[in-house]
Amino acid sequence: MPSYIVVGGQWGDEGKGSIIAYLALKDEPEVIARGGVGTNAGHSVFINGKRYAVRQLPTGFIQTKARLLIGAGVLVDPEVFFHELEHLKDFNVAGRVGIDHRCAIIEEKHKQLDRSNSHLHDKIGTTGSGCGPANADRVMRKAKLAKEVPELEPYLTDVAQEINDALDEGKLVLIEGTQGFGLSLYYGTYPYVTSKDTTASAIASDVGIGPTRVDDVIVVFKSFPTRVGAGPFPTEMSQEEAEKLGLVEYGTVTGRRRRVGWFDFDFARYSARINGATMIALTMLDKYDKNAFGVTDYDRLPKKAREFVEEIEGRVGVPVGLIKTGPELEHIIDRREVI
């Protein structure tokens with residue numbers, strides 16, 4: 001698969017970071033690019049028991065041989081960018097990352113507006129990262145671009161050209177999406193959504209490749225979907241139910257407690273169709289069946305867990321190629337060669 005996109009199929013927090021990190025190490029892509037909105041979405045990954053979280057840089061940073069890129073469609077917050085460069089200096093990120101010169105910049109005024117606007121902060125439940133106001137300025141053609149920020153100059157590049165050149169040379173390219181289908185400005189639970197589309201086609205556009213250059217779309221689903229902030233959640237369970245099941249989680253960016261629900265097969269099928277999914281990655285199967293924890297062989301999954309996977313494949317209509325059975329990178333079942 002010369003190029004593949006990983007996107008969220010629910011309301012974000014599906015565990016895309018752990019899937020991307022695994023693919024980055026297992027497949028050794030030569031280029032890893034991040035699409036999506038901006039710093040309003042955090043990806044986290046556990047490496048040798050230590051948790052790393054990023055909001056700006058690609059989660060594939062752990063593949064130290066890869067070129068890391070931030071596509072033109074992504075908003076850049078210089079403060080967050082440089083903080084992550086320092087935080088991840090052991091991975092030599094600064095020497096490998098490129099920002100598209102056309103990226104719009106999140107300024108302090110955008111963050112202040114995001115946090116003080118009653119509609120965005122109180123009703124919608126925005127993360128306060130400034131992404132919505134920054135995208136609004138971009139639509140109005142008022143936003144500052146990365147090429148206008150002197151301190152970013154050493155990192156500037158043409159991401160679209162780099163990626164298309166890499167594909168022409170037969171290199172493997174991994175493209176990361178952020179957030180999830182249910183938060184898409186067009187297809188999500190409007191108005192409780194993010195400030196742009198989050199589907200695979202939008203992520204491809206963010207980094208500058210056309211639809212014919214995408215070979216696979218991996219949509220990530222969580223065994224128990226979650227969402228942060230306000231908005232419809234048809235299969236939501238009570239906090240008491242979530243606590244009994246050990247499903248208490250907090251957002252990477254906001255620190256707010258996540259709402260938890262039961263797996264919605266109809267929503268998952270619709271999400272897979274709109275995203276053009278060729279494969280599903282299922283996370284937190286060990287939360288659905290605690291006896292699945294740490295299993296790395298599909299045939300060794302307990303009956304309850306295996307039946308759940310088979311039901312997803314049957315009702316969603318897409319094969320499940322990757323299954324996370326725990327938080328560590330090695331807690332995964334890779335079925336890509338047999339599906």
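The first residue you see is number 1, and the count goes up from there.
Even glycines carry a Cβ here, placed using N, Cα and C.
Residues annotated as active site, proton acceptor in Swiss-Prot: Asp13. What Swiss-Prot records for His43 is active site, proton donor. Per Swiss-Prot, GTP binding site is recorded for 12-18, 42-44, Arg258, 284-286, 324-326, and the stated evidence type is sequence analysis. Here Swiss-Prot flags Asp13, Glu14, Gly15, Lys16, Asn40, Ala41, Gly42, His43, Thr127, Arg141, Gln179, Thr194, Arg256 as IMP binding site. Annotation comment: Swiss-Prot describes Asp13, Gly42 as Mg(2+) binding site, evidence class sequence analysis. The substrate binding site annotation in Swiss-Prot covers Thr252, Val253, Thr254, Gly255, Arg256, Arg257, Arg258.
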Self-check item: By Cα-Cα distance, the member of binding-site residues Gly255, Arg257, Arg258 nearest Thr325 (GTP binding site)
Solution: Arg258
Quiz prompt | binding-site residues (Gly12, Gly255), the one with most neighbouring Cβ atoms at 10 Å | solution = Gly12
Quiz prompt | C-alpha spacing of Asp13 (active site, proton acceptor) relative to Leu285 (GTP binding site), in angstrom | solution = 15
Quiz prompt | Gly12 (GTP binding site): secondary structure state under DSSP, collapsed to three categories | solution = coil
Practice problem: Quick one: pull the CA-CA distance for Thr127 (IMP binding site) versus Gly12 (GTP binding site), whole Å only. | Solution: 13
Quiz item: Same-chain residues six or more away whose CB lies under 8 A from the CB of Gly15 (GTP binding site)?
Solution: Val220, Lys222, Ala281, Thr283, Met284, Lys324
Quiz item: For His43 (active site, proton donor), what is the secondary structure state per DSSP, taken as helix, strand or coil?
Solution: strand
Quiz item: Fewest other CB within 10 angstroms, which one of the binding-site residues Ser18, Ser44, Gln179, Thr325?
Solution: Ser44
Self-check item: Conformational class of Leu285 (GTP binding site) under the three-state DSSP mapping
Solution: helix
Quiz item: When the Cα of the residue listed as 'active site, proton acceptor' is compared with the Cα of each of the binding-site residues Asn40, Ser44, Arg256, which one is closest?
Solution: Ser44
Exercise. Can you grab the distance from Ser44 (GTP binding site) over to Gln179 (IMP binding site)? Cα atoms, rounded to a whole Å.
Key: 13
